[in-house]
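**Q** A single structure is presented below for examination.
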Amino acid sequence: MSSLLEVDGVSVSFDGFRAINNLSFNIGDAELRAVIGPNGAGKTTFMDIVTGKTRPDEGRVLWGEPPRSLLKMNEAQIARAGIGRKFQRPTVFEDQSVADNLTMALKNNRSPFAVLGWRPSSSSDERVQELAAEVGLADQTGRKAGELSHGQKQWLEIGMLLAQEPRLLLVDEPAAGMTLAEREQTTTLLRRLAETRAVVVVEHDMDFVRRLDCKVTVLHQGSVLAEGSLDHVTRNPDVIEVYLGR
Amino acid sequence: MQRKPFILQNPSTLIVLAGLAVFTVAVTALSQAYGTGALPTSMVKVLGKTLCLALAAVAMDLVWGYLGILSLGQMAFFALGGYMIGQWLMYARTEAIVAASMANNAIPPTPLELQEGVANQIFGVVGSADLPLVWSFAHSLPLQMLLVLAVPGLLALVFGWLAFRSRVNGVYLSILTQAMTLALALWLFQNDSGFRGNNGLSGLQNIPGLDTVSQARLSVWFLWASAVALGLGYLLAAWVVSGKFGSVIRAIRDDETRVRFLGYPVEGFKLVVFTLAAMITAIAGALYYPQAGIINPAELAPIASIYLAVWVAIGGRGRLYGAVIGAVVVSLLSSWFTGGRAPDLSLPFYTIKWVDWWLVALGLSFVLVTLFAPRGIAGLFDWLGRAVSPRRQGRDLGPDHGALQEQEAKA
């Protein structure tokens, strides 16, 4: 399997604290992966490194085919290269309508002058409607995003990520604050998305991870402790000790 | 989906432009040169200058209300625009005077002698007789007009590039913009900066080549020019903030980090808006100072830029018409109260003299608006709009899940 993202021997410390310690991680095209680990294991820092928010002290991060280093790119360039990120807290632009939020995320030329000249067309309208329908907001496109419920905002944000058409989707605790029904919908959606692109889900909730039914990477103190199916890693004595045994 | 033309999507733009046209026609009809003469020429000049300030406020609203950068250095661009046009005004007029006085000489003056004469006249006050390098283009109106856009634009571009690239944000950025305007003012105050130090440039109300035209006429001409500039500037700003570009810059205002993760080059967008606003402000300044007649480095004092922010806040930031209303209302009120014509307010224990107390009142109203009416005067229109047509779409008619929604019931 060719790898889409390759993280190799990456370390980063904050004020002497090693948040990520010689971490290596691979993910292929069209793969669903769950990343679990106790608090402070470095899950969010890992995402920050991949999306360009944090620069590692050493190691390399390669992306795509032929491999390019992500370390020289800024957040916007990485996003344009095809890495989308869903934050834990839903971050949508509350002052703007659902349609405006989605339109902004549509895959298009992002340079200021191209955006200045961009005007909506019937195909862009259709695409926005399609995306809104996909995340269950078809009849809410005219509403301000700030009026939506918490769950709907999460969905809108997922819709915006879909509009970006990323090749890799990083999802931070998608199930947080969702009802049981919403969680099931989210699982289904994530699994469907993983058919056409790579999806990395960072999650605390073991039930949710079980439902995703995918390969699991366990992080501990900034490096990979175990990797494999959920049943495989939960039988690993190290994992039991640091994470599940508590 | 059928799309309405730009102007119908933004009815407020049409209203502002219509209001501006009515205002211009009314002032013309009341002017001494073209109408009944009810409005003295000095008042026409005040109104023309107010239109220029409104244009600067529109640009401030782009930067602050839409992009979220509280720039406290906008008047630097305004004054630079004034200085650039002032250079030509002063040079060309002095040249005409010097040429006239030398015409009686036995030997006609050479171009070099003429230039020396001009330099002597302009820079005598600062003890110099050489034409500084920065006056190289002062003889040419088209070149100086180009500089009106180029100098402030370039300053904004370089300043913005340095500041935005380092991701300086919020109050730190405001302080930086204020430092910029203060530094520029201090530099201009020096005699050897080449802009006549604290004397500034004067006599700008006399337009070279138009000596036979009375000030009464000129004031109306400048009012027209200011109205056209405000109209075009307003249209441009309304076009910029409509559509996806407007969406993106408002998104940058609300959550810059998220916009980055959407793949937009945030710094590029900031730079475009900041530079565009600087150039619009410079045009406003270039039209303002010929009406004011004089420009000196005090015009760049940080307080001037803070006034601009106060006008936009009171008018309502995030709405272009709010900026126009704020600038017009507050600056006219300011000149009325500080002009000594406002009647004193006699309280039993104290008499409020507005000349002294106006600033206090303005500061107080700024605080009150910020606390209780963050949308400013423009918020009144929202309130009126809601009172006329309450928002109904999407609200359930009844408590049941299957109940009709209001828009379904209407059909």
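Just so it is clear, glycine is given a Cβ too, placed from its N, Cα and C backbone atoms.
Annotations per TrEMBL:
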type: TRANSMEM; residues: B:12-34; note: transmembrane segment
type: TRANSMEM; residues: B:46-67; note: transmembrane segment
type: TRANSMEM; residues: B:74-92; note: transmembrane segment
type: TRANSMEM; residues: B:141-164; note: transmembrane segment
type: TRANSMEM; residues: B:171-189; note: transmembrane segment
type: TRANSMEM; residues: B:221-241; note: transmembrane segment
type: TRANSMEM; residues: B:262-288; note: transmembrane segment
type: TRANSMEM; residues: B:294-313; note: transmembrane segment
type: TRANSMEM; residues: B:320-337; note: transmembrane segment
type: TRANSMEM; residues: B:357-385; note: transmembrane segment
**Q** Using a cut-off of under 8 Å between C-beta atoms, tell me which stretch among B:12-34, B:221-241, B:294-313, B:357-385 contacts the transmembrane segment (B:46-67) the most.
**A** B:221-241
**Q** Any chance the transmembrane segment (B:221-241) and the transmembrane segment (B:141-164) are in contact, meaning at least three CB pairs closer than 8 A with a sequence separation of 6+?
**A** no
**Q** Can you find at least 3 Cβ pairs under 8 Å between the transmembrane segment (B:320-337) and the transmembrane segment (B:12-34), where each pair is 6 or more residues apart in sequence?
**A** yes
**Q** Restricting to the same chain and to residues at least six past its boundaries, which positions have a Cβ under 8 Å from a Cβ of the transmembrane segment (B:262-288)?
**A** 48-49, 52-53, 55-56, 58-60, 62-63, 66-67, 69, 71, 74-75, 77-82, 84-85, 145, 148-149, 151-153, 155-157, 160-161, 164-165, 222, 225-226, 229, 233, 236-237, 240, 245, 248-249, 251-252, 256
**Q** Can you see whether the transmembrane segment (B:74-92) and the transmembrane segment (B:141-164) are touching - at least 3 CB pairs under 8 angstroms, only pairs 6 or more apart in sequence?
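**A** Between the transmembrane segment (B:74-92) and the transmembrane segment (B:141-164), contact is present.
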**Q** The transmembrane segment (B:141-164): which same-chain residues, six or more beyond its ends, come within Cβ distance under 8 Å?
**A** 76-77, 80-81, 84-85, 87-88, 92, 173, 176-177, 180, 266-267, 270-271, 274-275, 277-279, 281-283, 285-286
**Q** Should anything in the same chain at least six residues away from the transmembrane segment (B:12-34) have a Cβ under 8 Å from its Cβ atoms, list it; otherwise answer none.
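**A** For the transmembrane segment (B:12-34), the nonlocal Cβ contacts are 40-41, 44, 47, 51, 214, 216-217, 219-220, 223-224, 227, 230-231, 234-235, 238, 319-321, 324.
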**Q** Within the same chain, where does the transmembrane segment (B:294-313) have neighbours whose Cβ lies under 8 angstroms from its own Cβ atoms, ignoring anything closer than 6 residues to its ends? I mean 6 or more beyond.
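**A** Residues 53, 56-57, 60-61, 64-65, 70-76, 78-79, 82-83, 86, 177-178, 181-182, 184-186, 188-189, 195, 197-204, 322-323, 326-327, 330-331, 362, 366, 369-370, 376.
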